[in-house]
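Here's the structure we're looking at; comments come further down.
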Amino acid sequence: IINCYVSQCYNGGTCKEAVYSSDYICQCPSGFSGAQCEINTSEKCVVGKGEGYRGTQSISQTGSDCINWNSTSLRGRRFTARKLDASSLGLGNHNFCRNPDRDSSPWCYIYKGTEIVWDFCSVPKCPKVRNTECVVDSGQSYRGTTSVTKSGALCLPWDSPAIRRKVNNAW
């Protein structure tokens, strides 16, 4: 087992792979779990609409258990763990609430009788922290949510494969 040539792990996970295989495992830091350390076990609230929510809430607002995003019963649905960009949307082999379509808040698929429907989840909003949108000095302490450049271009997510070779990324 060696360190991965290209890390497949999120959130500071250590990627290990077999010498003669492309199989890998992620050793997750404390507070993270999942095959790629993509689940934040300590995240209990959402910021904004919750597009970046990676917590473990798995009950819809109507009290139903969420369906695993990897379930074969979701075949043909727009958002599943089999979607090409599933991991960047927070979808995987779990049933946690997510907001892959930038809806008003995190949601999940549920069974309503024998039918599969989606339902919002009751994940509380995080308290607003003052001055998070202000840049102080060089901006190293900035933790805001601005995702548009000065020229108006949309920023890429930190874990985008397009910036894997850049120094500052989530890989």
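Placement of Cβ uses the backbone N, Cα and C atoms for every residue, glycine included.
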According to TrEMBL, the cysteine among C15, C37 that forms a disulfide bond with C28 is C37
With C9 as one half of a disulfide in TrEMBL, pick the other half from C4, C26.
C26
The domain 'EGF-like' (1-38) [mean pLDDT, rounded to integer]
88
Do you know the DSSP helix, strand and coil residue counts for the domain 'Kringle' (44-126)?
6 helix, 19 strand, 58 coil
Cα of C26 (disulfide bond) to Cα of C37 (disulfide bond): how many Å, rounded?
7
Work out, from DSSP, the number of helix, strand and coil residues along the domain 'EGF-like' (1-38).
0 helix, 12 strand, 26 coil
